[in-house]
Amino acid sequence: MTDYFEVHARDGAARVGELRLEEPRSTPALVDDVLEDAGSLWSADRAMPEGDDSRLTVLPHRGFPGGTAEEVRESFAVSYPDVDYPSVAVISSEGAADEGTDAYAVSDVQSITGHGAALVEAIVNVREAVPADTAVYFSGVATPRNVAVLAYAGVDLFDETAAVVKGTQGRYLTTDDAYFLEDLEELPCACPACRKPREEFTREDCVEHNRNALAAELGIVRRRIRDGRLRDYVEGQARQDQWLTAAMRELDSQWGYLEERTPVLRDAQIDAATGDTIRRVEIQRYADRVTTRYRNRFSNPLVLVPCSAAKPYSESQSHRQFHDAIQWRAHLVSMTSPIGVVPQELETTYPAQHYDTVVTGRWSEDEKRFVSTVLRRYLERNAYPEIIAHVPDEGYRDIVERVEAELDLGVTYTVEDHPTDTESLANLQRALSGELKYSKREREHNTVRAIADYLLGDGAGDDLFEDIQTTSRYPKIQVRDSEDTQLATMVPQYGTLSFTLEGAKRWVDGEAPTKRVEIDGFVPHGSVLAPGIVDADEEIRVGDEVVVEGPKAFGVGRAEMFGREMAESTRGVACEIRHVEEK
Amino acid sequence: MSHPTPDVYEQGKGMDAHNQVMREIRSRKEASYDPHEPTRVWLDEDNTPDGVKRSLTIILNTGGCRWARAGGCTMCGYVAESVDGGSVSHEALMDQIDVCLAHEAENGDEPADLIKIYTSGSFLDEREVGAESRKAIADTFADRERMVVESLPDFVDREKIADFIRHGVDTDVAIGLETATDRVRHDCVNKYFDFADFEDACAEAAAADAEAGGDADAGIKAYLLMKPPFLTESEAVADMIASVERCAGVEGCHTVSMNPCNVQRYTMVDDLYFEDGYRPPWLWSVAHVLRETVDVDAIVVSDPVGHGSDRGPHNCGECDDLVQKAIKDFDLRQDPSVFEQVSCECERTWEVVMERERSFNQPLTH
């Protein structure tokens, strides 16, 4: 239960929140100046502090540093009283529990920073134990170099302590290192503290610089979270220290933790610039859904083509040329690193048109392995009368040949030199001679069905949209039933569907699992706030289409929180209602 | 007076937990001890109420601390569990004394004026050292000026002290009080007597002193522990300043030895240290406490063990030897100006640690 912390924006496990003090503060943030410590019960009995809305009060506590045995933690555990001011409980990452406070300070923080696996184990333990709309506080560890990764892992509150301590030790902190001040011939910074001659720059100035550098980095972190681009930043920033890279990678292995917190769509682009991009939730989720939920409904041959830099692919020069050769006579699937394979129906679906990769023509073994695994799983699930690979040599052909051998397929290769040269295009055209075109109707029906599969689950497309008609132009396809009642609209920016009330009712009545938000007896308009929510499906992710239902209302909208967060939170917007009717 | 047996000490959840954990930690240790050899013996110099004296320090192997067998103190690694039955015979104890006398004869020019006997338990507990052995040892050192014997406060009584006093030897009982704060002694150290028991022991020593008239003096030397586990640097310093002041205020207690915690193997402190959850105190903290308590009515000394190492009290690595030297100098002269002679840039870091270390971010430095 929190009154004084609210999450406003989410980017994976990272959040921009608001510490709702007399003077509100955006998090991730430093809290030195608003923190009041009522003291440790190890050294003395403590009076319950007065507390007020101007500061965050750490309730009387016993901190258990790293290495404290479980028996000791249990028998010396403190129970925290309910207070009506902003409060912090001190918990060990090994015995974290919901204490009813607004924030949680992690007592074994010195033992878990500096070790990737330990940090991830700790933050996952803590986050899974405390309510989603409470802040996690790491005291005494934040530096300009590590704070982005700490925030990325899910830490909200920090302090200047480590930066100050290191400054007094003559360590000049930057986002890339902790330099020995005495080794610096010049100061690699232009903050106010550094605007003085090198020879006049003291350790006290170094303390000031460290503070400035930490505050500046936190500003970038907040910006990045709001933009949905923290991961792209962290893939670079984590390289500045081995343990930070380890932490990022360990976190990628915590699929349950990270997937639950990662939105299903974003405005932001994904920069595919490092080998770690392949392990992003967004990438893995797309590959997983395409190979377990999506199903090809065309009976035409398959043409595999390389991806293009322009998105969606169909609008690129190269794909227009492929299309001219194919003429709707084949099912088009693009191969790409790092997404894997993109069937033509899902070319607008996040993140298929939201990534930008570094193109050099050199494929790493990791990329090849990933794309070939996805292609193999795709072809195991989807049978074609014929497979044509219209792909160039570098990487692509390698991958197709691997899968061809693994699955014992016969693949026709049509590229001589380059996929868009005349000879290759002629080969492609020839390979499809005699094939029949599929209709616009078939194409559009299969597109919305494919998106329904992707969003709602295997078979959802057929279940929901068996008997439909489509109107309006691709990619803004409208889905209607046989009586012309609109059920859904395709959202071109994210390649998703937004349902009408009729569509939502069909979803509820159908076989596909419904993402349902149960609300109290009121009729929501605009936003549904967390306190109004009785329960929410655990499968709900930020950006998901959800059915909102209560004793008085039935509606449909888009999730702004993940399911468990909706159920646990006491503050914040849980979902945005698009359509609602009174019962 | 509280309860002298470990069995009765077993009270309270926190203690159960500490003891359970400490028993497990101690069980990892496999070592054996010869009951005919002392645990350790060495020659040194010590400040006493009669000035600086040459001293012979003996760590007697009496089968180890009874409390440690129940679990024991969180920082203490001095445990000899290998002596069967947990007791050492009179003959073996006297063999140990002979070894010590031989060491003294071999390494010192003349017999030491001051004899200090520790047992990692209680010299005055008759289950550890029987009355016969105690009297024989008192007789052995009858020609010395002063003796110090270690004991828990429960076992201090005027008759036992009289065994030494009657030879005209000034006698101090060293009590490992650790801190005057009962809460810290119980919850952080896991030592189960109260400050009131210490006061009672001081009263016994004062009574023995009065009964001896002018022939010999009897008194108490309090041993304090700076920075048991779970306390921050500033809490540890505040606890020591208060403890020194309270000890010095008790009649019968004439000396306070305030010693920084070091990380000994097979202890709870070692487990915390291994997981980056404990740092021994700064030597600046020791100097600070000595300076702050210079006006108390007692000799205040400190003997940092393992100074300058990661496992012992330390500063930045540059100034450890200098500060240690100042502390040792202070021990002998009780003059706080010795600390004005030492300074280092790391003093500023120590100040920040004092100001900013919390039980939810410690330790702030290595």
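Just so you know, glycine gets a Cβ as well, placed from its N, Cα and C.
Annotated features in TrEMBL:
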DOMAIN    A:92-240  domain 'tRNA-guanine(15) transglycosylase-like'
DOMAIN    A:283-432  domain 'DUF5591'
DOMAIN    A:446-509  domain 'tRNA-guanine transglycosylase patch-forming'
DOMAIN    A:526-580  domain 'PUA'
Counts of helix, strand and coil residues, the domain 'tRNA-guanine transglycosylase patch-forming' (A:446-509), according to DSSP: 25 helix, 16 strand, 23 coil
Looking only at the domain 'tRNA-guanine(15) transglycosylase-like' (A:92-240), what are its DSSP counts of helix, strand and coil residues? 78 helix, 15 strand, 56 coil
Report the mean pLDDT of the predicted model across the domain 'tRNA-guanine transglycosylase patch-forming' (A:446-509), rounded to a whole number. 96
The correct DSSP tally for the domain 'DUF5591' (A:283-432) reads 68 helix, 24 strand, 58 coil
